[in-house]
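Feature annotations, courtesy of Swiss-Prot:
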type     : residues      : note
REGION   : 1-62          : region 'Disordered'
COMPBIAS : 11-21         : compositional bias 'Low complexity'
COMPBIAS : 49-61         : compositional bias 'Polar residues'
REGION   : 56-197        : region 'RNA-binding'
DOMAIN   : 64-193        : domain 'CoV N NTD'
BINDING  : 109, 125, 167 : RNA binding site
MOD_RES  : 170           : phosphoserine
MOD_RES  : 177           : phosphothreonine
REGION   : 186-230       : region 'Disordered'
COMPBIAS : 193-227       : compositional bias 'Low complexity'
MOD_RES  : 194           : phosphoserine
DOMAIN   : 260-383       : domain 'CoV N CTD'
REGION   : 267-384       : region 'Dimerization'
REGION   : 271-292       : region 'Disordered'
REGION   : 385-428       : region 'Disordered'
MOD_RES  : 390           : phosphoserine
MOD_RES  : 425           : phosphoserine
MOD_RES  : 429           : phosphothreonine
């Protein structure tokens, strides 16, 4: 008695092929499938196999046999296709454990041409065939064959062929591959059709148009127990991408002092015109203090740089490289560099001047005007009209000495009002008396002497 995967009652023999003397159906060759498809064409709608090896001529090898199950596709290079002992045989209703033996066959898929003209080879897809069927129907279990991986249930006898009929795509659709609980899927591979509702819906729509018998088979397929092996492709691919980028998918990356210092140093190592200020490297560290020659940026924008929420709308006004070079006035100026003890090198400045013109029809015009008015010459507004050039912080010892000096200056000390008063206060010599008498006789009062001092 031959078993038919997906059917609870496997007692009926399949008529999809002629039976040989040993009770095993003959192989259904690629030519047989092509002829059958051509004969069915005059019925109005040609039956197409579902989830089978490719039937189109391509640069890869053509698989002339239809697997009972959907394939397993490789999506990550460098990974080996393998299962642990006793695992890897797809489960299907109607197949006893003793018949769960066979092999996975690697199908090398076609290559395609990329937009830049290069040929790229698609990663292979693997299909399962029961022992004694498929491309290597005559092989003995365990034979070393390139592109073949043998699997069997622990209760199966691998010395005899599996009594399983080969699939006729016009009568049986491929069964979505499912494994027994505890099966570990090879890393870097995913099951075709796993976790998707589209194949089920398409199967349902086809079963409605094919009559009650096919609907019964379709419903029996849907009653298969769900496998614990359900790889979520979205999570796997996201994890691979994050790992490639050096990020942890589990936790958000925290910015430490060390990482912020590294980011800041990386920015400052770039040429001045290539720097992008942000929270880790503020505007003034990148481009210096605000003043007449660098007059844009309020206090908040100076801290955040391009991370400021208002900056993106300003970036819409920034010229493109083409507009910068072809729409500006440029002048190349040679500058002196270094001191007497430094090596001489030629330094040039590409000085430019230009204008960016826009009008009230520009999207976000009012917001742009508001942000510009808040940040243009903001250094003057915040300092009451005085240029903001922050003095260098004084050291503690120098500041204490300055405070002590101020205290001494605050002490009141009597001081003479003029040098003449200081001269009057001292004792006069005979020469001074003679000179003073002569001046008084002439009636001339020297500066600084008045009646109160006489």
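Just so you know, glycine gets a Cβ as well, placed from its N, Cα and C.
Swiss-Prot feature annotations superimposed on the structure.
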residue : record           : Cβ within 10 Å
109     : RNA binding site : 20
125     : RNA binding site : 21
167     : RNA binding site : 26
170     : phosphoserine    : 16
177     : phosphothreonine : 25
429     : phosphothreonine : 9
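Distance noted between the C-alpha atoms of residue 429 (phosphothreonine) and residue 167 (RNA binding site) is 141 Å. Those residues noted as binding RNA (109, 125, 167) have their most widely separated CA atoms at a distance of 21 Å. Rounded to a whole number, the C-alpha distance linking residue 167 (RNA binding site) with residue 177 (phosphothreonine) is 15 angstrom. Ranked by CA distance from residue 177 (phosphothreonine), the recorded positions 109, 125, 170 have 125 at the top as the closest. In the three-state DSSP scheme, residue 170 (phosphoserine) is classed as coil. Cα of residue 125 (RNA binding site) to Cα of residue 170 (phosphoserine): a span of 23 Å.
Residue pair residue 109 (RNA binding site) / residue 170 (phosphoserine) shows a Cα separation of 24 Å.
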